[in-house]
């Protein structure tokens, strides 16, 4: 025994000093594994559904805004198709393309949102494109 | 290491794990809530956007008294609806949506009367057609899920049958 040894090592120490360290750390590691896993599982279930509602309320207005804007675009194109579709086949083609590009699963998609679900510029670009196209028709047929 | 120290160590490890698990699930729940919020907000307001857009254009295009009156009522009703999940505003939404649908039916009937005199070959726009268009865009989607494959992550939305 040297003077540098702590009490802790004394208690757990065997006659063979060299084997004490690794053996103990293995024990501690095992202990950590068991208890942190138990804690982890309890921690997971402690959270239950906490935060779900907060997240929902947080982004609902944003989803509503996009839904409404997209509705306006598609609704107007649909009306133009009824009014001018016979003479102007491009209207129906645009409606079809808008239905495809502005479908919910294309809009609420990982490519338009970051990891925290903040919208990226690409979504603004997409919506602006369609809003401009609708405005063109409104001008053309006013 | 004596018995007390051992117990402390166990407690410490447990606490570490507990915090980690709890934080992880809280973060997960927040994100999941946000996904649902975006989706449900989109679905609830998309039809209103269609109806508003159509009413807006019709007011500019047709000088028909009934159409003008009803389309303006529709626009007013929709403008009164706040786009959040606040309980009071949800109640206003629920109350107004029936009135809006009924008025919109009347508007489309006026529209048909007006255009069939000009062009009898044009398709007849009905509320059913509009609602079917709305469903095509807002979908029967009921979940916003991560793509498990990890490869093509372009679309996180997946069609699910959960009704909620």
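Keep in mind that glycine also has a Cβ here, set from the backbone N, Cα and C atoms.
Database features, via TrEMBL:
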- B:17-54: domain 'Essential protein Yae1 N-terminal' (DOMAIN)
- B:142-164: region 'Disordered' (REGION)
- B:150-164: compositional bias 'Polar residues' (COMPBIAS)
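Mean predicted confidence for the domain 'Essential protein Yae1 N-terminal' (B:17-54): the pLDDT average there is 96. For the domain 'Essential protein Yae1 N-terminal' (B:17-54), the DSSP counts in helix, strand and coil order read 38 helix, 0 strand, 0 coil.
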